Amino acid sequence: MFDNIKWLISPDLNQESEENEIVVSTRIRVARNIEGIPFEIKMKNQDAEKLVQVVKSAIEMNFKGKYLDLQKMKPLEKESLFESHLISPAIIKKEQPTAVFINEKGNITIMVNEEDHLRIQGLSCGLNLTNIASAVYEFEEILGQELGYAYNENYGFITSCPTNLGTGLRASVLFHLPGLVYTNEIDKILKSTLNLGMTVRGLYGEGTEIKGNLFQISNQHTLGFKEDELIEKINKFARMLIDLEKKARDAIIERARYELEDKIYRSIAILRSARLINSDEVLNLLSAVRLGIGLGIIKGIEVNILNEIMLITRPGNIQLYYGEILEEQERDLKRAEYIRNRLAKIETTTV
Amino acid sequence: MLCDDCKKKPASIFFKDVSGGQIKEVHLCEDCARKKGILSEKKLSPLEVLQKLLKNTSYEDERVICPICFLNLAEFKKLGRFGCANCLNVFEPYIKSMIKEVQNSERHIGKRAKPGGRRAIEVFRLREELRRALEKEAYEDAAQIRDKLKTLGVENV
């Protein structure tokens, strides 16, 4: 189960930079279909079986990693993959043969037989669009030569839904924006993102609520631009948003420093001592501590630890961690226990 | 702060109204602002735009059929999905403007598909052939197929 979350707690990115506290993670996904195999709405079981086998041999001839048959997987294991952002809810719901490939590093996944034949995805902690895009397209290119993608001269790569035509590219960045939320500027910001051709979602993408001051921003359209132009545009937007967030935080420190410190100190105290914590509360408490780290108010703890706690305390992951099925209150109990233990060994100092 | 108009929903739109000769601070919620024409229409996501446009159906749609997967245009409009790679070719003249509205663009200028050997599809096909040959106990055929697979670079035949 730790394998599932290692992409987010990698020490690769600079932990000291406030930018990597404000930007939690980056995700790039590319959708492709294979010429000669029906798309989702016309796919029969034998087509799905063929798709899974064909992709399996294409991947095994070129890449190292795990190729997992989702039909054979236990529900909790699938839940864990979803909570760790490796697969989507859509693929879990399917009753046909489906699979997911995960590379050794654990940061590239390829879903097979979701809305499209292939969903190649790259993940990274912090703001890392260019590198992740390179990694994803390396896989995309090699698989393209093995498989033969459905492609149209005018409309680019052919996807199941017209909303993904062209590049089939969705680039998302997950931001932590407590400053803009507390100064009430967040609504204005979110409206302007819509005008820039981007959407805003909660932590797990489409259909999820905003929690823990976490906002996932991604491009709306997939047709009519070059891939690196889009990456550049989102990078620029991210830097602008980071700047606005920093300014909002400065304003709060000026106006309400003690209230802010109080909130942050209380949050870490609760995490260290509570007996019962539900998954929503974790996100809110982690947000305050994360802000404390970003502002330099809390020292001695890295953002990586918060990322680890955020993912391990998800409902499915916490059960896998303890190796048993747990009811809701038992989960709240074990979740609190896990967090207390994790933080016990870490000495934080408050300024 | 509650909306000046409906006094029910929270105000998120703030501006100064100078129409009465005096400067007045106005606070409105999104819905009242939209009703007053101050806010433009709520922006729809591409998926919402797609669903709206696809409601425009005609009886002739059922007669536009993809010869590969047999999906017809009426079904496409109901589901909003293609059945196979060829559907786009067949439906293009009817959905061209819909795509333009959904995507804000009508032409792909990004990476292109590169012509490939499609090795994996060939390997799959040969493996099926090999299985059938072994079932029929046609061992000479099976050996030939195995050789072909080896030349394609497949070690675990």
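In case you wondered, yes, glycine gets a Cβ from its N, Cα and C as well.
The ATP binding site annotation in TrEMBL covers A:25-29, A:HIS85, A:ARG119, A:170-174, A:201-206. Positions annotated as coiled coil by TrEMBL: A:227-261. The domain 'Phosphagen kinase C-terminal' annotation in TrEMBL covers A:22-248.
Features per TrEMBL, on structure.
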{"residue": "A:SER25", "record": "ATP binding site", "Cβ contacts under 8 Å, 6 or more apart": "A:LEU8, A:HIS85, A:LEU123, A:SER124, A:CYS125, A:GLY126, A:VAL173, A:LEU174"}
{"residue": "A:ILE28", "record": "ATP binding site", "Cβ contacts under 8 Å, 6 or more apart": "A:GLN121, A:GLY122, A:LEU129, A:ILE132, A:ALA133, A:VAL136, A:LEU169, A:ARG170, A:ALA171, A:SER172"}
{"residue": "A:ARG119", "record": "ATP binding site", "Cβ contacts under 8 Å, 6 or more apart": "A:ARG29, A:VAL30, A:ALA31, A:SER88, A:ILE110, A:MET111"}
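Counting every protein chain shown, 20 other Cβ atoms lie within 10 Å of the Cβ of A:SER172 (ATP binding site). DSSP assigns A:ILE28 (ATP binding site) to a strand.
According to DSSP, A:ARG119 (ATP binding site) is assigned to a strand segment.
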